[in-house]
Amino acid sequence: MSSTGLIETDCEFLESLYKKNAGIKPSVNLYGEYGYDPKVSRWTPDGFATYMEIHPEIAKAMFKMMDEDGDGTLDFDEFAKGYGFITKGSAAQRLNLLFKIFDLDDSDTLDKAEVRVMVRTIITAFNDAAVSSSGPGGNSIAAQAKLMKAKKAAAKMDPAKLEKQFAKEVERTTTAIFKVCDANNDGDIDRKEFLSALEPKSAKDPTPKCPEIVKVLNLFEGGSIKQWNCLGKFIEVNGAEPKEGDFDKADPASSITTPVQERKRTDTMSPGCAQQ
C-alpha cells in the first residue's frame, strides 16, 4: 500500500473495518481468494457513507472515485486504495475528487457556472467554519493557523464588504482557472484539462500553471475526512445550486438541472464537521 501513503497500522485498521462491515470473518486473508461477493457486500454508496461517517454529498463522489470496476460496491483493494488517496493523496487526487463533487450535471465536464459554484462553496464553507467554531481542523498547525487568521479577519470586517470581497475572489479564481484549463476555448473543462492546472509552467519554472486552484486545495491541507465533511455539511444546508448570475450570457441557464436540486438530508448523514 506504499503507493497510497498508508502505513502498516492504517492497513490493519482498514482491514478490520472492512471485514466487520462486509460480513467477512476476521481470520480471512483479504489479499487472497476470500470469496468476495459484490451481491452481498455492504460496501455500497450508502454503506460507505454510514460506516466511514462521511457526509453523503461527499461520500457519493468519493465512492465513484474508488469503485474502479464500476460494479456498485467496493472490494478491499478499491477501498484501501481509495481511502489512501483521499486522506493522504496528492493534490491531483484531491482535485479529481473536487471535480466529481462539482460536476453537477454528471457531464464529466465543468462549465463556468459549475466552477463558480465550486469556488464560492469551498471558500464560503471554510470561512464559515472558521468564524463559527474552531474550524474544520486538519493535521497540521499551519492549517489551524490559517483558519484562526480567517476568523479574526472576518470578525473585524463589515459583512457587506466581506461579501463583496468573496464575490471578487470567486470571479478572479474562476477566470484564472478557465484561462489555464480551457485549452480549446469551448467553454467547458474536462477532467484532463482540470488536472492540468497543477502542471508546472515550464521545465525551468515548477510553479503550477494555476496558483489560484492551489490556494483552494490548500484549504484541504492534511487530508482530514473532517474537512471534507465540512464541505458536505455546507452543501446540505446551503445547497450548491448556481445562481442566475453564475451563467455567462452564452450559457443556457437550464444546463444544470435536477441532480443539484435533489440534494436533501439522508439517514446516512454524518453529524457534520463540528461534531466529527
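Here the Cβ of each residue, glycine as well, is placed from N, Cα and C on the backbone.
TrEMBL lists 241-251 with the feature compositional bias 'Basic and acidic residues'. Sequence annotations record features per position, and here TrEMBL assigns domain 'EF-hand' to 54-89, 90-125, 169-204. Taken from TrEMBL, the feature region 'Disordered' applies to 241-276.
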Taken over the domain 'EF-hand' (54-89), the model's mean pLDDT: 85
Secondary structure tally of the domain 'EF-hand' (90-125) (DSSP, helix then strand then coil): 26 helix, 3 strand, 7 coil
Tally of DSSP helical, extended and coil residues in the domain 'EF-hand' (54-89): 24 helix, 0 strand, 12 coil
Secondary structure content of the domain 'EF-hand' (169-204), with strand meaning DSSP E or B: 21 helix, 4 strand, 11 coil
